[in-house]
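Feature list (source: TrEMBL):
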type	residues	note
DOMAIN	201-277	domain 'Peptidase M50'
TRANSMEM	153-176	transmembrane segment
TRANSMEM	188-207	transmembrane segment
TRANSMEM	219-237	transmembrane segment
TRANSMEM	257-278	transmembrane segment
TRANSMEM	290-310	transmembrane segment
TRANSMEM	362-385	transmembrane segment
TRANSMEM	391-409	transmembrane segment
TRANSMEM	429-446	transmembrane segment
Amino acid sequence: MLTFNPALALIAKPAAAALPPLREDLKLFAVGTNRDGSPAWVIQDPISNAFYRIGWLEFELLARWDLANPEAILASTHAETLLDPSRDELAHLHAFLLQHQLLEQRDPAYKQALITRLREQRTNRVKWLIHNYLFFRLPLLYPAQTLQRLLPWLSWIFSRTTVLIVLLLGVIGLALTARQWDVFTSSFVDTLSPSGIFGYLIALAITKSLHELGHALTATLYGLRVAHMGIAFVVMWPMLYTDTGEAWRLAQSRQRLAIASAGILTELAIAAFATLAWNLTDDGDLKQALFFLATTSWVLSLALNASPFMRFDGYFILSDWLDLPNLHERAFALARVALRNTLFDFGDPDPEYFAPSRRRALIVFAWLTWLYRLIVFIGIAVAVYLLFFKLLGLILFAIELLWFILFPIWRELTVWHQRRAEIRLSRRVFWLVLIAGLMLLAVWPWQTVVHGPGYAHPEQMHAIYSPLPAQLLAAPPELGAVTAGQSLFVLEAPHRSQLIALN
Ligand SMILES: [Zn+2]
């Protein structure tokens with residue numbers, strides 16, 4: 001879903017004399033209020049099944065769109081509501097509607113341009129692929145009807161009893177695994193082989209398919225239509241997806257949360273079953289398969305999907321729960337301004353207002369996300385390089401390093417460079433640089449040679465033990481050749497000589 005943000009809308013041209021009417025097939029839904037208490041609405045485009053979130057101002061402007069005359073719309077909004085919209089705000093909204101093709105286009109020249117563009121898109125697949133290579137979706141299934149038919153048969157999944165049973169089985173499975181933890185970890189080491197990787201890939205496909213089915217079934221349960229499911233490519237990386245865009249129609253955030261978390265919950269259920277079954281089966285192929293399924297689903301659900309740092313389910317759950325759409329972008333923007341203000345005293349205003357505690361939390365979240373991504377992207381590239389194909393590792397490394405790390409840093413440095421005249425090195429920065437410098441000095445590896453005592457011994461040794469408690473009187477002075485019959489060690493046993501003297 002897209003949120004209307006005036007700062008992001010492109011201004012195509014100043015609002016024309018007569019505004020083109022809105023498309024008649026668009027649908028408008030009132031959704032839960034924004035965090036600041038203001039009402040929010042969602043526009044649904046049934047053709048592309050895209051959703052756009054708008055606020056009060058945009059809603060009032062759209063409600064008067066039929067007036068067609070920009071001046072009349074502004075005047076009417078001002079007269080009938082507490083709002084006083086500017087020409088600019090109307091122009092931004094107009095540009096936004098144009099950009100997303102939400103306006104009726106009667107102008108034949110515009111229609112022709114649109115058709116030509118669509119044709120170009122179709123003929124020039126390669127160009128389209130390069131432009132869209134960062135994110136594109138390939139619909140494979142149109143499952144709405146199948147899901148409707150499946151739902152009555154599978155509604156027991158959503159019962160409280162099912163949840164309790166799965167929870168219980170999971171706890172038992174984990175407890176049993178803890179008792180033979182060494183077997184579990186050694187099984188993991190055994191799977192680090194080409195055939196093991198194949199096993200993980202199959203387990204991944206199964207887990208992810210069921211994950212998407214979880215989203216789709218839950219959405220169907222709440223009366224939504226799942227328009228399509230398929231494969232989405234994110235930076236050429238294939239991922240399954242379910243179109244649950246209609247979830248924005250649901251006014252109850254609890255239902256939206258249920259749909260968003262259904263995938264992770266499905267994975268956790270698979271993990272619970274597979275872990276228990278792994279404990280109960282004898283060694284063999286089945287046990288091995290269950291092991292793949294258990295490890296993959298645990299790692300996927302807990303480490304990857306629940307993480308709010310990447311754009312997986314955990315992120316969308318968090319951003320819906322906090323009622324902050326586009327959470328990453330907004331947190332990043334806030335953190336960038338805070339960084340510039342701290343370093344250079346720019347005194348820039350925050351991009352948007354948050355309560356102080358929430359503002360701090362968002363900045364910390366942004367930094368944690370950057371750190372997490374830095375570690376994960378480098379980790380993936382290094383792992384691919386070390387474990388699989390060197391060349392692929394290098395290519396991945398180059399793409400990830402460039403796109404996710406160097407480009408953002410470069411963009412930020414460009415801003416610093418452009419605004420270098422404004423930079424005032426405050427006392428705070430002086431201390432910051434000094435402390436950072438001292439810390440760097442402290443951890444800098446000045447010495448690359450380490451001295452320490454060592455002990456060398458021959459490859460083959462034979463330990464000799466005295467048959468009685470004894471004192472060592474003589475030993476060979478140095479290592480070297482010895483002759484036959486030469487006495488090497490002289491031992492005295494005082495206890496024994498005393499005994500002999502007594503006798
Ligand atoms: Zn998911």
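Placement of Cβ uses the backbone N, Cα and C atoms for every residue, glycine included.
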## Note on the structure
The average per-residue pLDDT within the domain 'Peptidase M50' (201-277) comes out at 84
### Highest-contact recorded stretch vs the transmembrane segment (362-385), from 188-207, 257-278, 290-310, 391-409, CB pairs under 8 Å
391-409
### Query
Any residues 6+ beyond the ends of the transmembrane segment (391-409) with a Cβ under 8 Å from its own?
235, 373-374, 377-378, 380-382, 384-385
### Query
In the same chain, which residue numbers or ranges, 6 or more beyond the ends of the transmembrane segment (290-310), come under 8 angstroms Cβ to Cβ?
184, 187-188, 191, 199-200, 202-204, 206-208, 211, 263-264, 267-268, 270-271, 274-275, 277-278, 281, 317-319, 327, 365, 368-369, 372-373, 376
